[in-house]
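In Swiss-Prot this protein carries:
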type     : residues                                                     : note
ACT_SITE : 173                                                          : active site, acyl-thioester intermediate
BINDING  : 75, 76, 77, 78, 79, 80, 81, 82, 142, 143, 144, 155, 156, 157 : substrate binding site
DOMAIN   : 36-211                                                       : domain 'BPL/LPL catalytic'
SITE     : 139                                                          : site 'Lowers pKa of active site Cys'
């Protein structure tokens, strides 16, 4: 049973289209410098074209990246692709304060996506052998987290209305021949803007937060020189 976090507010930030590396650094800085009283946050972002290689990533799963950069990431999992038309949602949750474990958070994220897709009349499911969300045998959402000092960062990437071709240049999440799909292939005309409010609402509902409070986001707020940088994103 999930906790009720009504006494803990959660902040929503809309980042728009951003390159991966500076946003990842900002997320690391937020996590490193947050305190026991820092509100949890959700960041919604679309990334410019990039492959990210997770901690478990193997070089043989990067087939032909071509002109798309490959960046090492400290999230869980293996290689994946991010690009415009894919909704990335980073979840910065204090698990100790919420009194939940990593497995509970993963389940909440997967259920968030499943319920979001159901809103658009798309049947989907999670798999015990491969994190993420699937429509039949095709993957529609990837998931990768990292926990530091009891707080989560990184999150999910939901394919909505994007060019799926770059996934053919890798073995997605380390699975050769993994077929990818997206919301617009199953429900034509659905956009990122359509999905965003449903995704946020379902995530806050899964964990019992009150309504997420939208606040402005500025990259410079997170990349101050006093914040130490990390070479692993």
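Every residue, even glycine, has its Cβ placed from backbone N, Cα and C.
Each residue in the domain 'BPL/LPL catalytic' (36-211) has a pLDDT score, and their mean in this model is 95. Counting Cβ atoms from all protein chains shown, residue 144 (substrate binding site) has 23 others lying within 10 Å of its own Cβ.
Under DSSP, residue 81 (substrate binding site) is assigned to a strand (E or B) in the three-state scheme. The separation of residue 139 (site 'Lowers pKa of active site Cys') from residue 79 (substrate binding site), Cα to Cα, is 14 Å. Spacing of residue 75 (substrate binding site) relative to residue 173 (active site, acyl-thioester intermediate) is 12 Å (Cα to Cα, whole number). Cβ-based neighbour count (10 Å, all protein chains) for residue 77 (substrate binding site) stands at 23. Listed in sequence order, the binding-site residues near residue 173 (active site, acyl-thioester intermediate) (C-alpha within 10 Å of its C-alpha) are 77, 81, 142, out of 77, 81, 142, 156.
According to DSSP, residue 75 (substrate binding site) sits in a coil region rather than a helix or strand. In this structure, the CA atom of residue 139 (site 'Lowers pKa of active site Cys') is 12 Å away from the CA atom of residue 156 (substrate binding site). DSSP assigns residue 139 (site 'Lowers pKa of active site Cys') to a strand segment in the three-state reduction.
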